[in-house]
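All remarks here apply to the structure that follows.
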Amino acid sequence: MGCCTGRCSLICLCALQLLSALERQIFDFLGFQWAPILGNFLHIIVVILGLFGTIQYRPRYIMVYTVWTALWVTWNVFIICFYLEVGGLSKDTDLMTFNISVHRSWWREHGPGCERRVLPPSAHGMMDDYTYVSVTGCVINFQYLEVIHSAVQILLSLVGFVYACYVISISMEEEDTCRNK
């Protein structure tokens, strides 16, 4: 087989998905975003499984990857709706941290061009443990960075889904021709 096969393309695509997921995982860890951390971890495991299935000619593993990509697209659509506040969702809730902490996206305070100023807590002493952070001058708002991350994940997953279906069909055809001989 030549190197421009669907199989080689799926291998390259899985490698891109791994790099993209690892980058996203790092920034979610920095922001203590526990729901995305868990999702990214599962995504990394399944992409590795899909990569292994593609390299080792195991169509069942690729099928697991294919089903996961559909779920991953759904999760990322939810993330986009969450950060764009569609359908009653609010980016200011603690949903992404499982209501454990008040952390938000790392990009909220550290986005490109953002100037971060730590302000002392109010005189009332309501939140003794927390300081208020003022962020100004951002080139792009944090919610749009999160949406871009999710859109990239969706794009890679959709292309991965198509290639995985193609590789599965080719593998099944090869198995059928071997059985018929």
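From the backbone N, Cα and C atoms, a Cβ is placed for every residue, glycine too.
Any TrEMBL annotation is an automated prediction that lacks curation.
Annotated signal peptide per TrEMBL: 1-21, in sequence order. For the signal peptide (1-21), same-chain residues at least 6 beyond its ends with a Cβ under 8 Å from one of its own Cβ atoms are 40, 43-44, 47-48, 50-51, 54-55, 62, 65, 152-153, 156-157, 159-160, 163-164, 166-167, 170.
Annotation comment: TrEMBL describes 34-55 (among others) as transmembrane segment. With a threshold of 8 Å between CB atoms, the same-chain residues lying at least 6 positions outside the transmembrane segment (34-55) that come near it are 7, 10-11, 14-15, 17-18, 21-22, 24-25, 28, 61-62, 64-66, 68, 72, 75, 79, 95-98, 100, 160, 164, 167.
Within the same chain, residues 10, 14, 36, 39, 42-43, 46-47, 49-50, 53-54, 95-96, 105, 143-144, 146-147, 150-151, 153-154, 157-158, 160-161, 164-165, 167-168, 171 sit at least 6 positions outside the transmembrane segment (62-86) and bring their C-beta atoms closer than 8 Å to a C-beta of that stretch. Per TrEMBL, transmembrane segment is recorded for 62-86 (among others).
Among the features that TrEMBL reports, transmembrane segment is placed at 151-172 (among others).
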